[in-house]
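S.K.: Handing you this structure, nothing more for now.
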């Protein structure tokens, strides 16, 4: 091999896609995953190298400045406001250019890319803003003491830029698709329920009943209290709360006492909730992996079929 061929091989190697690290996968089953994109780009690179035609790589390059949200390419969005809801949870608003819309179905999620200590990380978050919101979108993010993404999020300030791609998600709400939705959410698992609620109560023609059950540790830890109280004023919306670290109704505001239980969302309560629904419910479940697994098992025991619930 002469010097020119060696230089040419080196140039091609520099163009070879870099395999993602495990931390770059959010683990939420997105399609395409970062590893899917790597496989696609590697095949494109191999074909281009075999034919010695670098123009075959342009398909990848043309994605560098897309004009709208894409599942394959990260886009930059400016942070316009950050509100600290609790000691570890943030409500963040991002600006959309040109007063545009994000283009998600209610309940779909996005992937956030962060960089900490030179390590790229990706996590999934569901916007809580209405699907038709113009000029902005909002997310609810809980931070954890040892979390890499948490370190990245806690460094944010208004005016900073963050990178997102999407949309993803197998549940796309459509008006009057179900007689009643039974929403069972733990902590920030409330997030996908919020835009679905917006969609129902903003549409006078949508007559879907909703029973929302929010599971939190304490009353102070309940997210978006004002929003949930407003939603409960609609004729077709009911809200309930399960608090695992409270034990006194007298410590709660009057408006919460009749709709709050203490402890955990166990089998008896799941059966009671299913039985209290005004129509045969379709259940939506979101929370930790353990919460989701336990609730799914409870729904089956309560008589719901596997095609009568969706696990976010």
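Backbone N, Cα and C atoms are what each Cβ position is placed from, and that goes for glycine too.
Bear in mind that the values here come from a model prediction, so they are computed numbers and not experimental data.
Here's the feature list from TrEMBL:
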BINDING   123, 125, 140, 142, 149, 150  FAD binding site
DOMAIN    72-174  domain 'FAD-binding FR-type'
S.K.: For a quick check of packing: other C-beta atoms within 10 Å of the C-beta of residue 150 (FAD binding site), how many?
M.R.: 19
S.K.: Which has the fewest other Cβ atoms within 10 Å: 123, 142, the binding-site residues listed?
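M.R.: Per-residue Cβ counts within 10 Å for the binding-site residues 123, 142 bottom out at 142.
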S.K.: If you draw a 10 Å sphere around the Cβ of residue 149 (FAD binding site), how many other Cβ atoms fall inside it, taking every protein chain shown into account?
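M.R.: The answer is 20 other Cβ atoms.
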S.K.: Taking the center of the Cβ atoms of 123, 125, 140, 142, 149, 150 at the recorded FAD site, which other residues in this chain have a Cβ no more than 8 Å from that point?
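M.R.: Apart from 123, 125, 140, 142, 149, 150, the close residues are 112, 139, 141, 143, 147, 153, 188.
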S.K.: Can you name the residues of this chain that are 6 or more positions from residue 140 (FAD binding site) yet have a C-beta less than 8 Å from its C-beta?
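M.R.: Within the chain, residue 140 (FAD binding site) has Cβ neighbours under 8 Å at 85, 89, 90, 91, 92, 125, 126, 128, 188, 190, 191, 194, 223, 224.
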S.K.: With DSSP as the reference, give the number of residues of the domain 'FAD-binding FR-type' (72-174) in helix, strand and coil.
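M.R.: Breakdown, helix to coil: 10 helix, 48 strand, 45 coil.
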